[in-house]
């Protein structure tokens, strides 16, 4: 499951965090500042320091916060001067925003604070709607409020170009001071702060709400806070009722605000919506008991829960609070009444999913409220959280440990052992150190060393005079260098900047080259031993902080697990907690982290104990002796394995037919072989079974087939209709797949688990698949795998003959067709034996290719292609050899030597050599035939005439993969996209863009425990349902739900073809649950007005946010979110959300890898949720998860990425442009820069895949394109060749014409729009586009990965 963090502050003011994937507390690096109050949301901490000022801490971001600043330069054409800087009085500003309403001079655009740095200089954006512009970047139009184009025309009277520059938040993983209210911070300090608002209904993504309370009891709201603006803009005072002085405040995920007054009462802020985050007014809420002595001292707000603590240390729960409706309903905001809880509590914190954490009043320990669910929001009892603690040497708590330990030593590597063993190790005697405030450290003039023996700290004035060079970016240092710098920085000084700032910030003016010595930005001033922000003068004030380049990346903790400085201790001493913040943690009440098991030295298990080794050795020797016994089969079996039958009522559907009632029956017969582990394959080979579909009365059999014929069992449920599909290609035509519908989800899952289990046993496929397996996902998110090792076992493989497939022709008559899935590459041989009938006039053997398809404006032309035509003609006493291209025969070759005769048997061998076919008849060379058509384009064998076939053998140097006979085994989990490297590194991306790593297991929820491994983890995914509301305008009543007969449905999907409604939208299974109500989606592409409407001239047109005079239709999108709970052999990749990923084993790594170690490095790239590029370091066979992300900037937000075997990286931008990364090498794995690859006019791509078989891309019209003329000197190729999407040409149909996804490795595989798995055949260096598709089963597939398949 994903990892989340629980934060807490100790009585010393130190901040600790506890991960859901860990069982130990870790301390955030101590920088000399203590904290009195902390609050958290994912990746953001706000706190009140010991100086009563507000601080913000941004952590866990793999992608830095990077904002793009834009300024449009406008010019107008004048009759004499031409295009000039002189504008009309009614025109927009010379430098303006996109709409011209705001002046945006490049010399006036400043950094928001010292926590930001410029990332590059001003430069031109040379792109317009996916099309490149000229070098000067001008866009032309008739007038300013008009549509711009890249080309100048005779009526272009205005032009503009866009200047862009990026700024980056440089204070990651460090505390940054927020500007105080007054120039003197001590005039009105802060006493409380709260953050929330992550789930304000319909608010833009990344919205945050921050409230604070000053020492004067005033409520302050921080405007402009978001995930891209961690500090916000300014403090805004929010009036409170007369006589109300606030003491404490809390903000929920939906923006609901509760505040505690000094008199013990609480007030609630109402009217908090996406358009008004501050809210409208305050409402008073009575205390739990109307008694003068009972006062509320603390309150915490969740989504649908509010908890408070009174002055008698009792906890209370508020009933009736509904966070989603709190902004529009006062009753939902204030609730209905109080419920008293048992416990002695001093403070409470409610998480976003209403889980509750608290601190005890007497023992100051941390507790969790167990059993909190939506049905029981108050929970059951308080559970003590007991976890080991990592504390700093500077903590006074270390003195307790040192006195307990008796002065023994500790090593940095000791924490890598189990916590049970840690406590038994002797620890180094601790030294109690007093923590000096920052003011004291800064004024120190002595050369005292830090506690870890580092160099003397710099003086205050010396620190301000450090080099003004820009700090190294994230991509400029490797991980080891960055870690050394971070460690050295910790040794060098015991304090850090609370408001990191750039040394010299460049602000461009005029010609974009002038530098101000000190730009206007947030500059720290010393106050009460801390560092707080104030507005600095750009010229007079000096740059007072060196840029903090040692803290970046996603690590919340300095150095993560490696504590080489020895500054951290692991201990079990009791910490007195003063504050807990659960806003960033999400835990499942039914699957809690391992936080509650007390670790003691008595519970440790020594796996290397002598007694344990002795027992294991004896068991192994006994097993070896049993394996050598020859008479094991004569012993009577302890348990007699017999067959079993499982039956149930269901509904059966033939393809294209209706569902009808039936009885299904599964019969399993076990071989019951011995228990010898060495003969497990033989024992399972005897397993068998049958599946039968009977009539409702059981009298007639509708269909019956052996379980060995099943190639795939998958769920194909629809809303309210639980179904499974059984694929068995050996069934009669139009009988596969067999679809069965059940009465409930539980019954469907029961049959799915049994069928999957027995099919895996019959095919001897359990556990981890081979590294070169093909992975695939279905529309429902199920993960399947094809293991070629299983198919290899069924093909005779001899060193001299390669792989052999024997085709069953016992019941076949001519004309005979059979697919040759590997074509006829060099070394392939086709052997045909049979008998010619006495009355035969002629016989025919053809090696056929896919028909050449040409799409004309009003028709589709198919042209036959035959690579080899062997035609013995007995009536003419000759044999004809020929080829056909584009339905026309070429020059034929006649051979009067007759090797075939009527009434005689024959043996024909066609062997593909380097440049010709060698034809052998009756073991004698008959002739050869030079290639006229590429032999690799051959797809099938055709035999006709009066002939009886005996055998057909197909020999090939490579594995013969029959598309219809590929067995797809379900692996478990819920994944949308899958990526396989070929060396046991498999990644996946779920619907909510969470990255997952395959851990080598098998099983999950779909198997119900019948099979599988122990590496199963819970998985949670979220999905959003959309419904479109459509309206048409009429002159009388305006926009109404009344439509024309030719219009789309008034409630529909995005295309308007499918009727949808909010009332009839149902969940797919019982594992899904709604987590929101229907709401208007204001973040729809193209924008929307205040009511969520989009306008257009007519329905199949482009939509925009504001109504125009010619707009006659409008629509708006409604959304509702659901959560799916599943399980599978996957673990979370990282905290960062990713849109796409690419895994590739580079050719240079294969050459240098050691086959004995089998630890091959993998190039791993990904696209972050904001469109930036990430490269994952440390990914290899033994470490599939890798170590850390490194960020690579991009001017355009990207959506797709792929890596080739030579290391080349290709990406697709959100606007459809394609980019190529050049400069990548072993010494420079990140490359140098992006180079645009121009696409044909009007074409926008959405996905790309690179492999040994070429560079393939998928555009927005679901067409596939292949890059032509690729060479070593020109690796990006010259142009794109598009494959035609012809209706009714397989795999296309009239309604589904195109492809969903494509994957390129040594072969090219794709998923068609109708869910069929396809493999491209006939790909050669001369023809990289291939000639046609070989089709597999129609499993409603979604995504396939063949990058690792060889």
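In case you wondered, yes, glycine gets a Cβ from its N, Cα and C as well.
Annotated repeat 'TECPR 1' per Swiss-Prot: 23-59, in sequence order. Predicted-model confidence for the repeat 'TECPR 1' (23-59) is 94, expressed as mean pLDDT.
Under the heading repeat 'TECPR 2', Swiss-Prot lists 233-271.
Annotation comment: Swiss-Prot describes 280-320 as repeat 'TECPR 3'. Nonlocal intrachain contacts for the repeat 'TECPR 3' (280-320), taken as residues 6+ away from its ends with a CB within less than 8 angstroms of a stretch CB, comprise 196, 199, 240-241, 244, 247-248, 250-254, 256-260, 263-271, 330-341, 343-356, 358, 361, 374, 377-378.
What Swiss-Prot records for 336-371 is repeat 'TECPR 4'. Secondary structure of the repeat 'TECPR 4' (336-371), assigned with DSSP and counted as helix (H, G, I), strand (E, B) and coil, comes to 0 helix, 20 strand, 16 coil.
Residues annotated as compositional bias 'Low complexity' in Swiss-Prot: 396-415.
Feature annotation from Swiss-Prot assigns region 'Disordered' to 396-420 (among others).
Under the heading region 'Disordered', Swiss-Prot lists 671-691 (among others).
According to Swiss-Prot, the domain 'Galectin' annotation covers 816-955, on the basis of sequence analysis.
For the repeat 'TECPR 5' (966-1000), residue counts in helix, strand and coil come to 0 helix, 16 strand, 19 coil, using DSSP. Annotation source Swiss-Prot lists repeat 'TECPR 5' at 966-1000.
Within the chain carrying the repeat 'TECPR 6' (1187-1223), a Cβ under 8 angstroms from the stretch's Cβ atoms is held by residues 62-64, 66, 119, 125, 127, 129-130, 164, 166, 474-475, 479, 553-555, 1134, 1136, 1139-1148, 1163, 1165-1168, 1170-1178, 1229-1237, 1239, 1243-1252, 1255, 1257, 1259-1260, 1275-1276, 1304, all 6 or more beyond its ends. For 1187-1223, the entry in Swiss-Prot reads repeat 'TECPR 6'.
If you look up Swiss-Prot, you'll see 1232-1269 marked as repeat 'TECPR 7'.
For the repeat 'TECPR 8' (1278-1322), residue counts in helix, strand and coil come to 0 helix, 21 strand, 24 coil, using DSSP. If you look up Swiss-Prot, you'll see 1278-1322 marked as repeat 'TECPR 8'.
Each residue of the repeat 'TECPR 3' (280-320) gets a DSSP state, and the totals for helix, strand and coil are 0 helix, 21 strand, 20 coil.
Taking Cβ pairs closer than 8 Å, the repeat 'TECPR 5' (966-1000) reaches residues 2, 711-714, 727, 756, 759-760, 763, 765, 768-769, 771-777, 781-787, 790-791, 1006-1007, 1012-1013, 1015-1017, 1019, 1021-1023, 1124, 1126-1134, 1136-1145, 1158, 1160, 1162, 1164, 1166, 1169, 1179-1181, 1184-1185, 1305, 1336-1337, 1339, 1342-1350 in its own chain, all 6 or more past its ends. Residues 112, 179, 181, 191-201, 203, 209-213, 216-224, 277-287, 294-303, 306, 308, 310-311, 321, 323-324, 326-327, 330, 333-334, 350, 352, 583 of the same chain sit 6 or more residues outside the repeat 'TECPR 2' (233-271) yet have a Cβ under 8 Å from a Cβ within it.
Residues of the repeat 'TECPR 1' (23-59) grouped by DSSP class, helix first, strand second and coil last, total 0 helix, 21 strand, 16 coil.
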